[in-house]
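Structure, as structure tokens:
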Amino acid sequence: MGKSKKKRSIIRFTVLFAIVCAIGYTIYANAASEQGAVKVGEPATNFALVDLEQERFELGQNQGKGVFINFWGTFCEPCEREMPYIENAYEQYKDEVEMIAVNVDEAPLTVQSFINRHGLTFPVAIDERREVTRAYGIGPLPATILVDEHGIVQKVHTGAMTEEMVHEFFQSIVPDA
């Protein structure tokens, strides 16, 4: 009888310890993921990247225009599905809204092949060291950040977008005339 009581105590302690560890890890992971996360209503973190056409894009140089920032990867099926919607909206709003598609650390040849295959004309840059991705707290792809003409984050969206959503998002950051 003594051995089984001791065994139950060890099992209970082990289960309790595992639960405490799981809770601790969850709290740590949530805090770590929010460290760099941008928040709606706050100024967008400035960044500069050179796109595949060798044009420099700096967020801070776009005061007076809304900016549509899309984080994506060629390996991401939802990213691929939304690209035609983004392309159509870009063509419609490119005179009123700036746009940058930030590829998350893939080879330039892979990215260029994807762009060519899909006929994309909007600016695409590769975040080779994931510095911008980390600064914005991006986890799952795709992720879209909308910044208004004053440099304030208006929306943070993670996940695929429908065509209607893409047009609504672009329209929402068109500066007031």
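Heads up, the Cβ atoms here are built off N, Cα and C, so glycines get one too.
The transmembrane segment annotation in Swiss-Prot covers 13-32 and rests on sequence analysis.
Residues or ranges marked as domain 'Thioredoxin' by Swiss-Prot: 38-175.
Listed in sequence order, the residues of the same chain lying 6 or more apart from Cys79 (disulfide bond) and placing their CB within less than 8 Å of its CB are Trp72, Gly73, Leu141, Pro142, Ala160. Residues or ranges marked as disulfide bond in Swiss-Prot: Cys76-Cys79.
Annotation for Cys76 (disulfide bond): spatial neighbours Leu141, Pro142, criterion Cβ-Cβ under 8 Å with sequence separation of six or more. On the 0 to 100 pLDDT scale, the domain 'Thioredoxin' (38-175) averages 96 in this prediction. Secondary structure at Cys76 (disulfide bond), taken from DSSP and collapsed to helix, strand or coil, is coil.
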